[in-house]
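S.K.: Pulled these features from Swiss-Prot for this protein:
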- Leu386, Pro387, Cys388, Gly389, Ala390, Gly391, Lys392, Thr393: ATP binding site (BINDING)
- 26-41: compositional bias 'Acidic residues' (COMPBIAS)
- 42-56: compositional bias 'Basic and acidic residues' (COMPBIAS)
- 64-74: compositional bias 'Basic residues' (COMPBIAS)
- 373-535: domain 'Helicase ATP-binding' (DOMAIN)
- 589-743: domain 'Helicase C-terminal' (DOMAIN)
- Ser752: phosphoserine (MOD_RES)
- 1-85: region 'Disordered' (REGION)
- 64-75: motif 'Nuclear localization signal' (MOTIF)
Amino acid sequence: MTDVEGYQPKSKGKIFPDMGESFFSSDEDSPATDAEIDENYDDNRETSEGRGERDTGAMVTGLKKPRKKTKSSRHTAADSSMNQMDAKDKALLQDTNSDIPADFVPDSVSGMFRSHDFSYLRLRPDHASRPLWISPSDGRIILESFSPLAEQAQDFLVTIAEPISRPSHIHEYKITAYSLYAAVSVGLETDDIISVLDRLSKVPVAESIINFIKGATISYGKVKLVIKHNRYFVETTQADILQMLLNDSVIGPLRIDSDHQVQPPEDVLQQQLQQTAGKPATNVNPNDVEAVFSAVIGGDNEREEEDDDIDAVHSFEIANESVEVVKKRCQEIDYPVLEEYDFRNDHRNPDLDIDLKPSTQIRPYQEKSLSKMFGNGRARSGIIVLPCGAGKTLVGITAACTIKKSVIVLCTSSVSVMQWRQQFLQWCTLQPENCAVFTSDNKEMFQTESGLVVSTYSMVANTRNRSHDSQKVMDFLTGREWGFIILDEVHVVPAAMFRRVVSTIAAHAKLGLTATLVREDDKIGDLNFLIGPKLYEANWMELSQKGHIANVQCAEVWCPMTAEFYQEYLRETARKRMLLYIMNPTKFQACQFLIQYHERRGDKIIVFSDNVYALQEYALKMGKPFIYGSTPQQERMNILQNFQYNDQINTIFLSKVGDTSIDLPEATCLIQISSHYGSRRQEAQRLGRILRAKRRNDEGFNAFFYSLVSKDTQEMYYSTKRQAFLVDQGYAFKVITHLHGMENIPNLAYASPRERRELLQEVLLKNEEAAGIEVGDDADNSVGRGSNGHKRFKSKAVRGEGSLSGLAGGEDMAYMEYSTNKNKELKEHHPLIRKMYYKNLKK
């Protein structure tokens, strides 16, 4: 295997089964969809603003205004990356008035829609056979997924636009500057993009969209970032662009003196004339849509001109620590930096003896994602997004086998490091002595000229004093050129503590892998200049329908708060409220019922809780094993092995340490009793724990995902926000308001008022620290860590709110006084006598 382009594909249900009306019956109407909420909210907003008397959300019957807030967070990486490009996009798209015909007469309702009134757009006579519509104002694309041309159109749109929402029948995309950069990087020409959009659109493509596409693609590829002898150089073939960069107030001062001098413009122009003389232009025939489709689907249209075969004639050097600043500034001035690696012609770095084993098979979607990265003998830096359980690791391994240079892999935890090493040895011919591991427990280096190193973000990003062995390995990593770097769970890279690893390690090609390209801090757009554009994003529903991942039934179970708990909930502080709705007795009973129900079906069940106190209480009450951050490694392995291979252990409780670091393909049911507020990423990562089910290809099989939510609490708002990412991927959450038969199960927990009052008293006695969320032990969670990636140690004294009962020993604490003199006397006695003395003292 020499290139991904040479691959040949090996091969080219019902989501909600009938489980009985008694089980999934609902006493209330289904909740309104996001579209209905937005529509009702917009209809009433103007009226409410005129009166200024009450909240607009209250005018929508049965809806709360916090649901409206989910609209801003429901969109994925596309909207996050667009936030930084708003000014540029608006400048290119603002001139939409030129698209309105002169003879257009607004009707009586045009004023209600204002800028969203597109009644002036004229449908084409054959619009029924065309699958998409493009908004002239913001570049949003609506695709009919039931159209005969939908499959080809999806492959095209994923290349040129960002997927926003992809439910069953209607998909939404958005054209952004970054998505167009990615399209040009895989070989598409500007005219080809406009031509195909025009042929697929129900209405003529607006002039504003055409100008936006031309403006975003005209400057791509004119500035390159290359690595020579472990030094970074900015290169360009045009003298005016070089002069502009050097005169820039940000980039100019970052230039450092080197022996690479800029050639005179006359020489540059003469070389350009010699290079381009006699070369025919190669454009895809606009009349041949199939040719353009094949060019997009294939990933590269094999351009005849080899304009990159010779070295750039203009260059200047920048320092390693300035790489991020320069790349970001180039994005801002509309000259995005191109990072391509001509690995076939790189004879300076030694080759790595690595190939896929003959038994290794690449799935079609994995091959398609790799074709976006490789083309024309070059490797492009960028990001590939695949759902959990879809084989992201194998994609990275295949890319490493294609480049055949030294590889470094960065993961989020030491557990992931060992998994990556094991996967490399399983799927390819790499020898164990060429595969090194760099963690807190293992500090290895390969002894040959080239090899593989697997490490964590925390180990590389650490800025504290290192041990001798650790510093020796770090010098080894930073003192050489790497052909390829794989960034697992790449969504953690924008964090302040980890983004420095991108420039610390000098790598020619970068590949970011993730299932959830979302962050709650809107820093996901930084990946466009830290790593590169998004090269490919798979459709979760499509992979599920083809059997590559499991079909999942998602449900939100509403658990009413008992009267005693809700009364205390209304009067307590925010942190104590969290503990009350997590320890809701009705939620406990629902969890117990679902565990018993699915154990009878033969399912393997995982129960997730971010709150350690609740995790222990639930698990001990039900007699189930549990794992959290303080669980010893050996005990973890024993519990996981029994869960996988012991028929008597069918349920385990996990804290957030199981979100990403634990691979349990046997799990078929997941129950979530507490979570990390409104984190969309965590919701998708937890769903991924059951997407790897081994029986996913069995007819009629489904995996089950339950989110238990205490009704009429803040948890309902967080739950709606968390589901936004999965809803955009096409998943539907069924609302269950009552579990029939729950009251009749034997040994129902907290069935009597007395038991519920005792539980409430125990919860109220707990201090607010018990309501906290466990800090993860991996790089995927930056909470509780310092700027260098190390865990923050608790201080001896913590300032916080308290009560007089706590000072008086009323929080389940006892006061004990010891006599120092008596203790000294007891030291001279036999240990048995000392034990009897202390025993009597406690009585």
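Here the Cβ of each residue, glycine as well, is placed from N, Cα and C on the backbone.
Help me understand the surroundings of these features in the structure.
M.R.: Pro387 (ATP binding site) counts 23 other C-beta atoms within 10 Å of its own C-beta, drawing on all protein chains shown. In the three-state DSSP scheme, Pro387 (ATP binding site) is classed as coil.
Listed in sequence order, the same-chain residues six or more apart from Ser752 (phosphoserine) with CB atoms under 8 A from its CB number zero; the list is none.
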S.K.: Would you list, in sequence order, the residues of this chain other than Leu386, Pro387, Cys388, Gly389, Ala390, Gly391, Lys392, Thr393 that have their CB within 8 A of the centroid of the site's CB atoms, where the site is the one recorded for ATP?
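M.R.: Apart from Leu386, Pro387, Cys388, Gly389, Ala390, Gly391, Lys392, Thr393, the close residues are Ala515, Ile549, Gly688, Leu691.
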S.K.: Which residues of the same chain, at least 6 positions away in sequence, have a Cβ lying under 8 Å from the Cβ of Lys392 (ATP binding site)?
M.R.: Ile384, Leu386, Asp488, Leu513, Thr514, Ala515
S.K.: Counting only other Cβ atoms and using a 10 Å cut-off, which of the binding-site residues Leu386, Cys388 scores lowest?
M.R.: Cys388
